[in-house]
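Shown next, in structure tokens, is the structure this report addresses.
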Amino acid sequence: MMGPSRLKSALVAFLVAVGSLLPANADEHEHTYTDKEEVVLWMNTVGPYHNRQETYKYFSLPFCVGNKKTISHYHETLGEALQGVELEFSGLDIKFKDEVMQTTYCEIELDKNKRDAFVYAIKNHYWYQMYIDDLPIWGIVGEADENGEDHFLWTYKKLEIGFNGNRIVDVNLTSEGKVRLVPNTKIAMSYSVKWKKSDVKFEDRFDKYLDPSFFQHRIHWFSIFNSFMMVIFLVGLVSMILMRTLRKDYARYSKEEEMDDMDRDLGDEYGWKQVHGDVFRPSSHPLIFSSLIGSGCQIFSVSLIVIIVAMVEDLYTERGSMLSTAIFVYAATSPVNGYFGGSLYAKQGGRRWIKQMFIGAFMIPAMVCGTAFFINFIAIYYHASRAIPFGTMVAVCCICFFVILPLNLVGTILGRNLSGQPNFPCRVNAVPRPIPEKKWFMEPAVIVCLGGILPFGSIFIEMYFIFTSFWAYKIYYVYGFMMLVLVILCIVTVCSPSQWTSFLSAASTAVYVYMYSFYYYFFKTKMYGLFQTSFYFGYMAVFSTALGIMCEKKQEEPKLEECVVGERATVRPSACCTAECGNRPLRMAHTTT
Ligand SMILES: *[C@@H]1O[C@H](CO)[C@@H](O)[C@H](O)[C@H]1NC(C)=O
């Protein structure tokens with residue numbers, strides 16, 4: 001039995017989940033200070049420089065805390081909790097525009113264990129991260145000498161804070177005071193604060209973290225230009241082939257118009273008209289197929305909306321806000337999933353629509369949560385701050401069941417009722433048309449491989465920039481580029497050969513992206529260790545799969561290949577298509593004598 005207290009705590013968890021999706025109302029949210037007002041230095045995480053996602057709480061290293069203890073733990077948003085943000089008060093006494101000369105704030109009594117912990121961290125190039133007024137600050141833990149025998153700890157944090165009016169606009173940290181780590185000694189940790197007037201505008205204070213010479217490099221512009229050229233070429237090619245085929249067909253059709261009715265009925269259908277009998281054939285696994293299509297539509301709309309939001313608001317300035325936004329948009333666009341998945345399933349004559357809705361709604365969340373769950377085990381084993389807290393897991397589950405599922409239900413019902421009728425303009429042939437003999441480059445395997453190359457080719461440079469911002473220390477901010485690439489990807493996907501292999505083409509795009517991530521891992525990063533490696537490959541798999549699902553498209557589009565081949569068919573279609581003969585009664589071929 002679920003007691004009232006359990007019910008209440010579930011309710012509270014749900015409210016927290018919904019509340020944490022909204023922007024955090026942090027303590028320093030106003031970002032304005034009066035003179036001598038307290039400025040909080042938050043300690044975040046510490047971890048190896050090369051493994052960006054392998055982070056631990058700052059105080060998991062035996063650092064000591066200053067003696068000011070008025071602020072408890074920071075209230076995290078959902079996005080922050082999922083990204084392993086662990087803000088803890090440093091205990092340092094900092095007041096706005098109040099200079100502090102070098103002051104010792106605590107002492108570390110270095111026993112053997114503590115020394116070993118520091119030595120391990122120094123050997124692995126550990127960095128720590130702090131925040132002042134939401135501005136990130138990085139510092140290095142220590143240094144080894146050349147032969148790697150002696151290890152030194154930086155003990156003096158020299159903070160220089162720039163202010164503009166009543167706002168903080170700039171922070172610099174200099175580490176000084178190298179002290180050798182000798183067991184059974186005391187190490188004094190000290191800090192100083194200097195305040196400087198600065199002309200940096202508050203709106204521009206994150207600009208120094210961006211790297212325009214990397215992100216707006218000529219290569220980047222060139223790659224976008226390149227992809228655009230490819231798109232123009234592709235669209236041109238496709239329309240040329242279509243036009244040529246259609247014109248040839250039309251010429252034959254109009255010649256036949258001159259024959260009498262009798263002769264015409266005896267003839268086969270040929271050219272692009274052959275397509276109509278098969279285009280709208282239900283796929284062989286309607287349930288999975290329509291769920292995939294629904295999820296694909298949802299991922300596409302989520303990407304579109306999140307990129308637009310990111311372009312309008314500088315999301316990178318707030319910790320975890322990108323992830324929070326993405327989760328919120330994902331939940332809010334669930335009806336899209338339900339609508340497209342549900343209506344396609346109904347059109348294909350599926351009856352188990354509740355099952356379809358569940359599969360459609362939980363396909364992506366299950367994939368992401370499954371990966372996260374697996375990585376969470378490793379994170380807990382390593383005591384990494386990436387381990388997702390239990391409360392956050394409950395919150396995510398609540399969102400899945402109480403937000404995503406109902407919204408999906410609404411979408412499904414709408415989809416089934418508004419566009420669930422199989423009102424295709426053509427009737428589907430009883431016998432699937434055998435696809436005519438093909439040249440080698442028309443073999444499905446080849447098409448699948450080539451079909452994936454074009455979308456991949458149009459995005460892989462952008463992929464490099466996105467990966468670098470996620471796996472290295474760069475902030476991605478050129479969302480305009482990302483938008484362009486999404487549009488290009490969309491056009492390329494629509495133009496590339498779309499027939500029954502289209503689904504596998506999309507899958508092959510995912511495979512290419514995943515292969516590229518292997519290349520990136522081995523040649524572009526220096527990650528190591530079980531945790532970071534499984535984190536990397538786990539989430540890259542999720543990313544590639546999601547991208548693949550996004551690229552797949554409905555099979556209802558005209559099957560270009562059959563148009564192009566355009567040979568006389570071996571099986572006669574028994575139905576008519578609208579344009580030329582739609583009002584004529586349907587009749588079987590070869591019934592007249
Ligand atoms: C921080 O360092 C940069 C680069 O050295 C300098 O331009 C800036 O004025 C410094 N800011 C403060 C507040 O000292």
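Backbone N, Cα and C define each Cβ position, glycine as well.
Features reported for this protein in TrEMBL:
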- 1-26: signal peptide (SIGNAL)
- 221-243: transmembrane segment (TRANSMEM)
- 287-311: transmembrane segment (TRANSMEM)
- 323-346: transmembrane segment (TRANSMEM)
- 358-382: transmembrane segment (TRANSMEM)
- 388-410: transmembrane segment (TRANSMEM)
- 445-470: transmembrane segment (TRANSMEM)
- 476-496: transmembrane segment (TRANSMEM)
- 503-522: transmembrane segment (TRANSMEM)
- 534-551: transmembrane segment (TRANSMEM)
Close approaches to the transmembrane segment (323-346) from elsewhere in its chain (Cβ under 8 angstroms; 6 or more beyond its ends)
20-21, 23, 77-79, 82-83, 286-287, 289-291, 293-295, 297-298, 301-302, 305-306, 309-310, 315, 353, 356-357, 360-361, 364, 399, 403-405, 407-416, 418-422, 554
Tell me, please, if the transmembrane segment (445-470) and the transmembrane segment (221-243) are in contact, taking contact as 3+ Cβ pairs under 8 Å between residues separated by 6 or more positions?
yes
Mind pulling out the one from 221-243, 358-382, 388-410, 503-522, 534-551 with the most Cβ pairs under 8 angstroms to the transmembrane segment (476-496)?
221-243
Remote residues contacting the transmembrane segment (534-551) - C-beta distance under 8 A, at least 6 residues beyond either end
53-54, 292, 295-296, 299-300, 303, 364, 367-368, 371, 374-375, 378, 386, 455, 471, 489, 493, 505-507, 509-511, 513-514, 517, 521, 527
